[in-house]
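Colleague: Dropping a structure here in structure tokens format, bear with me for questions.
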Amino acid sequence: MDNIRNIVILTGAGISAESGLRTFRAEDGLWEDHPVEEVATPEGFARDPDLVQRFYDERRAQVIAANPNAAHLALGRLDSAWRRGDLLIVTQNIDDLHERGGAARVLHMHGQALSAWCTACDARHAWQGTLRNRPPCPACGMAALRPDIVWFGEMPYQMERIYRAIAAADLFVSIGTSGAVYPAAGFVQEAARSGARTLELNLEKSLGSRFFDETRLGRASDLVPALVEELLAQP
Ligand code: NAD
Ligand code: APR
């Protein structure tokens, strides 16, 4: 890990698994109980808004009850200490465990469980409670709030900023993501094309494993603290 200045870290559900938040595609994963098209598409929301609001009310309550694990805390440490260049944590996760683990440079490309978005006036509000009771938007008063989550078929947030950071990166690290969902699954190839070293940390080989220079298999709570030590020990 020599001569690294700019780092981009992509995280997925796997980094929060040891905090008790279920991943999506595991055997006991979230999509096993709820077909994706019912709860994570604009069409599903139009068809049965109550079901979708209840699904995300539950996600929100679980996020509030969860705590950051050793992997989130290690990335928080890295974010505070890294001064050799830029660092950006791009997360597909809708939880706030990176922030509570001490990281500040975090971008939520798939939105946030603890945010509500008004489809009438476009305002976003920090949100801890439920949405299934159709509360009024604090800004415009309309009962038009939806979870501030990027559903399938919608555009992930801040893609230009993400691609700019990847183009400037010397190191791209992917942690706890299956590599099944684009555009995040394609970031590794973008990073490799711009000359970054690419490293994957995951419990098992992801779909895109062959695109990485190096894969380390194991639990995020073991692998991430070890990587952070390695990076901070650079001469
Ligand atoms: P998608 O998964 O429907 O589309 C991915 C496309 O890539 C599909 O066409 C699929 O066939 C293809 N593909 C999958 N794996 C591949 C591989 N290994 N090699 C080549 N092709 C492969 O996703 P989408 O419709 O683009 O989703 C839009 C956005 O919404 C995504 O960023 C998604 O993560 C997001 N989203 C967020 C949530 C949430 O709850 N946070 C839920 C659903 C969707
Ligand atoms: N340590 C490291 N990796 C782990 C751990 C762990 N303790 N537990 C699970 N994993 C790995 C799994 O092996 C799997 O490859 O994390 C990955 C989680 O994959 P998914 O459940 O598919 O989650 P993710 O890749 O984040 O999903 C991407 O898809 O459904 C959409 O928008 C949703 O943001 C989500 C996106």
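Note: Cβ is positioned from N, Cα and C throughout, glycine not excepted.
TrEMBL does not curate its annotations; it predicts them automatically.
According to TrEMBL, the protein has these features:
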type	residues	note
DOMAIN	1-234	domain 'Deacetylase sirtuin-type'
BINDING	12-31, 92-95, 176-178, 202-204, Ala220	NAD(+) binding site
BINDING	Tyr56, Arg59	substrate binding site
ACT_SITE	His110	active site, proton acceptor
BINDING	Cys118, Cys121, Cys137, Cys140	Zn(2+) binding site
Colleague: Through the lens of DSSP with three states only, how would you label Cys118 (Zn(2+) binding site)?
Modeller: strand
Colleague: Using Cα-Cα distances with a 10 Å cut-off, which of the binding-site residues Arg59, Cys118, Cys137, Cys140 are near Phe24 (NAD(+) binding site)?
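Modeller: If one measures from the Cα of Phe24 (NAD(+) binding site), no binding-site residues come within 10 Å, so the answer is none.
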Colleague: Do you know which of the recorded positions Ser16, Gly20, Tyr56, His110, Cys137, Cys140 end up with C-beta under 6 Å from ligand 1?
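Modeller: List returned for ligand 1: His110.
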Colleague: Return the member of Ser16, Arg59, Gln92, His110, Gly176 nearest to Cys121 (Zn(2+) binding site) in space, with distance defined Cα to Cα and candidates limited to these recorded positions.
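Modeller: It is His110, whose Cα lies nearest.
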Colleague: For the recorded Zn(2+) site formed by Cys118, Cys121, Cys137, Cys140, which further same-chain residues have Cβ atoms within 8 Å of the site's Cβ center?
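Modeller: Not counting the recorded site residues, we get Ala120, Asp122, Ala123, Pro138, Ala139, Gly141, Met142, Ala144, Leu145.
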Colleague: Rounded to the nearest angstrom, how far is the Cα of Arg59 (substrate binding site) from the Cα of Gly20 (NAD(+) binding site)?
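Modeller: Gly20 (NAD(+) binding site) to Arg59 (substrate binding site), Cα-Cα distance: 12 Å.
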Colleague: For a Cβ distance below 6 Å to any atom of ligand 2, name the binding-site residues from Ser16, Gly20, Arg59, Cys137, Leu203 that qualify, or say none.
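Modeller: Cβ under 6 Å from ligand 2: Leu203.
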Colleague: In sequence order, what residues of the same chain, 6+ apart, have a Cβ less than 8 Å from the Cβ of Gln92 (NAD(+) binding site)?
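Modeller: Non-local contacts for Gln92 (NAD(+) binding site): Leu10, Thr11, Gly12, Ala13, Met109, His110, Thr177, Val181, Ala184.
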Colleague: Restricting to the same chain and to sequence separations of six or more, state which residues have a Cβ under 8 Å from that of Asp28 (NAD(+) binding site).
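Modeller: Long-range Cβ contacts: Arg22.
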Colleague: Relative to the Cα of Gly176 (NAD(+) binding site), which of the binding-site residues Tyr56, Cys118, Cys137 has the closest Cα?
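Modeller: Going through Tyr56, Cys118, Cys137 one by one, the closest to Gly176 (NAD(+) binding site) is Tyr56.
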Colleague: Consider the binding-site residues Ser16, Cys118, Cys137, Leu203 and say which one has the Cα lying nearest the Cα of Arg59 (substrate binding site).
Modeller: Ser16
Colleague: Tell me, if you would, which residue among Cys118, Cys140, Leu203 (binding-site residues) has the fewest other CB atoms within 10 Å in the structure shown?
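Modeller: Ranked by other Cβ atoms within 10 Å, the binding-site residues Cys118, Cys140, Leu203 bottom out at Cys140.
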Colleague: Return the residues near Tyr56 (substrate binding site), defined as same-chain residues 6+ apart in sequence whose C-beta is under 8 angstroms from its C-beta, sorted by sequence, else 'none'.
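Modeller: Counting only residues 6 or more apart in sequence, the Cβ neighbours of Tyr56 (substrate binding site) under 8 Å are Val39, Ala113, Leu131, Pro147, Ile149.
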Colleague: Which residues in the same chain, at least 6 apart in sequence, have a Cβ under 8 Å from the Cβ of Cys137 (Zn(2+) binding site)?
Modeller: Cys118, Ala120, Cys121, Ala123, His125, Ala143, Ala144, Leu145
